[in-house]
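Trainee: Below are the structure tokens for one structure; questions will follow.
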Amino acid sequence: MGKKHKKHKSDRHFYEEYVEKPLKLVLKVGGSEVTELSTGSSGHDSSLFEDRSDHDKHKDRKRKKRKKGEKQAPGEEKGRKRRRVKEDKKKRDRDRAENEVDRDLQCHVPIRLDLPPEKPLTSSLAKQEEVEQTPLQEALNQLMRQLQRKDPSAFFSFPVTDFIAPGYSMIIKHPMDFSTMKEKIKNNDYQSIEELKDNFKLMCTNAMIYNKPETIYYKAAKKLLHSGMKILSQERIQSLKQSIDFMSDLQKTRKQKERTDACQSGEDSGCWQREREDSGDAETQAFRSPAKDNKRKDKDVLEDKWRSSNSEREHEQIERVVQESGGKLTRRLANSQCEFERRKPDGTTTLGLLHPVDPIVGEPGYCPVRLGMTTGRLQSGVNTLQGFKEDKRNRVTPVLYLNYGPYSSYAPHYDSTFANISKDDSDLIYSTYGEDSDLPNNFSISEFLATCQDYPYVMADSLLDVLTKGGHSRSLQDLDMSSPEDEGQTRALDTAKEAEITQIEPTGRLESSSQDRLTALQAVTTFGAPAEVFDSEEAEVFQRKLDETTRLLRELQEAQNERLSTRPPPNMICLLGPSYREMYLAEQVTNNLKELTQQVTPGDVVSIHGVRKAMGISVPSPIVGNSFVDLTGECEEPKETSTAECGPDAS
């Protein structure tokens with residue numbers, strides 16, 4: 001006999017756990033009739049009892065299964081298949097019963113209308129805005145989305161403030177970012193794709209100007225500029241026009257605008273011609289192949305047309321100005337031998353800086369020195385001139401002698417850790433420069449030069465003469481000549497001052513006290529120099545203006561030195577711009593110089609040669625005929641005269 005299976009505690013209370021409290025539904029239809037439904041209906045009860053009976057059968061089946069497993073082991077697979085089939089059948093029966101219960105409940109529950117949710121107003125407004133956008137705005141928005149995808153870090157999404165980047169507003173005068181560009185597109189401020197392209201370039205260049213090349217912002221701006229220029233290239237835009245509908249509409253609207261503008265400006269004859277040209281261009285573009293050669297040819301043809309039309313307009317304007325001048329202007333060429341050296345093919349030229357001192361006309365031996373001759377080129381990313389720094393390899397480090405004091409016989413006498421020359425060379429240097437006090441025959445270069453007469457000084461002067469082409473010796477001669485004259489002048493001034501003081505004392509006794517004070521004050525203010533006497537009031541005003549301009553120039557120089565001597569912050573590449581005080585002083589100096597130059601002739605300000613050189617005008621040298629001088633004839637004539645004069649005396 002098999003062992004009787006013990007009933008589990010959970011099986012005893014299965015019925016109590018399975019039964020749930022039925023739900024009660026109260027339905028009001030028409031305001032009077034009330035129908036009550038409860039989940040404890042007959043169909044539901046029957047299904048409930050069926051589930052219980054199925055559960056009991058399932059338990060009995062488990063028991064039988066165990067008994068069979070103990071008795072029969074080989075036929076397990078067939079029994080499993082049968083069980084699976086029976087379980088599937090029971091599951092289907094359960095699902096059918098549950099579906100029937102749900103249908104009964106749906107019949108008693110009143111029908112409720114499901115209204116669609118209200119659409120938000122923002123979406124409708126956004127759709128209206130999208131519908132109202134012009135083809136140009138849609139095209140620009142499409143390009144902006146492509147450009148912003150190339151900025152995953154969102155460095156250029158919002159404007160940069162001085163709080164984020166110190167001194168940004170002082171360096172970058174025209175900031176730009178993606179949000180500002182979007183706002184411009186929304187306000188319809190862009191008239192073409194080229195304007196968007198210019199603003200995109202400005203945004204990237206601003207970041208590259210403010211940040212150093214080693215920063216991530218500089219690298220991100222450079223990468224964004226490279227990829228953005230590919231997106232905004234003509235080939236990419238042409239491909240977008242072929243693939244997107246509103247890009248093709250963009251070309252039509254632009255042509256219509258050009259036609260209306262041309263017709264409104266009064267160019268009726270040219271309007272019809274442009275329409276024909278535009279229609280022809282559209283037809284050619286429709287049948288044109290996308291080859292690069294054809295595109296280049298079409299571009300060249302358009303550029304030639306544009307240049308020819310511009311030249312015709314310029315000729316018409318010149319003719320109109322000549323006619324309106326009333327004979328003052330003519331088209332004939334001037335019969336002059338002057339020409340412009342720096343004249344460009346389009347007829348324009350450049351104006352150089354006017355400077356009265358010229359190396360050709362000015363003093364002999366004068367040579368202008370430019371800043372580029374004294375210093376090299378500025379490195380990229382460096383905002384200051386590099387000072388002179390001696391190379392470490394050129395520096396000589398001798399052996400260092402050590403002194404430990406007494407009782408140090410076995411200690412090392414010298415240290416050659418950092419020396420780059422030998423001990424013998426170090427001893428030679430120490431003996432020559434007089435640094436070693438132990439040697440009795442030590443001497444220095446200064447003592448050697450003092451005791452060896454003037455030969456080294458002559459060598460140094462001759463070397464300087466070779467370098468300056470004789471300028472050093474001339475300057476020494478001028479100094480020697482000016483020294484006795486200066487001494488004589490100082491002596492004369494001292495005697496004149498003493499005489500004036502002696503003259504002031506007796507005259508002061510005779511004159512009134514006010515005159516004494518006035519003369520004493522004049523002597524103090526002028527430091528003994530004679531007071532300036534002007535011929536007219538205009539000359540006095542002119543001199544005052546010059547003095548004021550000199551003072552303003554000094555103040556401007558001090559302000560500039562103060563600004564340029566301050567160390568810029570490390571995050572700034574460019575120098576700080578001029579301050580408000582510098583701008584104000586420069587404006588005052590300019591106004592004063594304008595007033596002064598208006599009161600004099602141009603020849604007093606600058607020479608004719610300087611003006612011509614600044615404008616790039618070259619005057620041909622005069623043709624020299626038989627202007628050579630026979631030196632032999634001139635030398636023979638005085639000999640004849642001398643013999644003629646000496647003849648009577650000799651006779």
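Backbone N, Cα and C define each Cβ position, glycine as well.
Copied straight from Swiss-Prot:
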CROSSLNK  Lys21  SUMO2 cross-link
REGION    34-103  region 'Disordered'
COMPBIAS  35-45  compositional bias 'Polar residues'
COMPBIAS  47-57  compositional bias 'Basic and acidic residues'
COMPBIAS  58-69  compositional bias 'Basic residues'
COMPBIAS  70-103  compositional bias 'Basic and acidic residues'
CROSSLNK  Lys127  SUMO2 cross-link
DOMAIN    131-235  domain 'Bromo'
CROSSLNK  Lys186  SUMO2 cross-link
CROSSLNK  Lys197  SUMO2 cross-link
CROSSLNK  Lys201  SUMO2 cross-link
CROSSLNK  Lys212  SUMO2 cross-link
CROSSLNK  Lys241  SUMO2 cross-link
REGION    252-316  region 'Disordered'
COMPBIAS  290-316  compositional bias 'Basic and acidic residues'
CROSSLNK  Lys305  SUMO2 cross-link
MOD_RES   Lys328  N6-acetyllysine
CROSSLNK  Lys344  SUMO2 cross-link
CROSSLNK  Lys389  SUMO2 cross-link
COILED    536-567  coiled coil
Trainee: Just checking, which of Lys186, Lys197, Lys201, Lys344, Lys389 (recorded sites) has the fewest C-beta atoms within 10 Å of its C-beta?
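Mentor: Least crowded of the recorded sites Lys186, Lys197, Lys201, Lys344, Lys389, by Cβ count within 10 Å, is Lys389.
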Trainee: Including all protein chains shown, what's the count of other C-beta atoms within 10 A of the C-beta of Lys212 (SUMO2 cross-link)?
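Mentor: That number is 15.
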Trainee: Looking only at Lys241, Lys305, the recorded sites on record, which one has the least crowded Cβ, with the fewest other Cβ atoms within 10 Å?
Mentor: Lys305
Trainee: Work out, from DSSP, the number of helix, strand and coil residues along the domain 'Bromo' (131-235).
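Mentor: Secondary-structure breakdown of the domain 'Bromo' (131-235): 66 helix, 0 strand, 39 coil.
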Trainee: Can you tell me which of the recorded sites Lys186, Lys201, Lys344 is spatially closest to Lys389 (SUMO2 cross-link)? Compare CA atoms only.
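Mentor: Result for Lys389 (SUMO2 cross-link): the nearest of the recorded sites is Lys201.
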Trainee: Of the recorded sites listed here (Lys212, Lys241, Lys305, Lys344), which is spatially closest to Lys201 (SUMO2 cross-link) when Cα positions are compared?
Mentor: Lys212
Trainee: Given Lys197 (SUMO2 cross-link) and Lys186 (SUMO2 cross-link), what distance in Å do their CA atoms have, once rounded to a whole number?
Mentor: 16
Trainee: Under DSSP, is Lys241 (SUMO2 cross-link) helix, strand or coil?
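Mentor: Its secondary structure by DSSP: helix.
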Trainee: Spatially, and counting Cα to Cα, which of the recorded sites is closest to Lys212 (SUMO2 cross-link)? Options: Lys186, Lys241, Lys305, Lys344.
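Mentor: Going through Lys186, Lys241, Lys305, Lys344 one by one, the Cα closest to that of Lys212 (SUMO2 cross-link) is Lys186.
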Trainee: Of the recorded sites Lys186, Lys241, Lys344, which one sits closest to Lys305 (SUMO2 cross-link) when you measure Cα to Cα?
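Mentor: Result for Lys305 (SUMO2 cross-link): the nearest of the recorded sites is Lys344.
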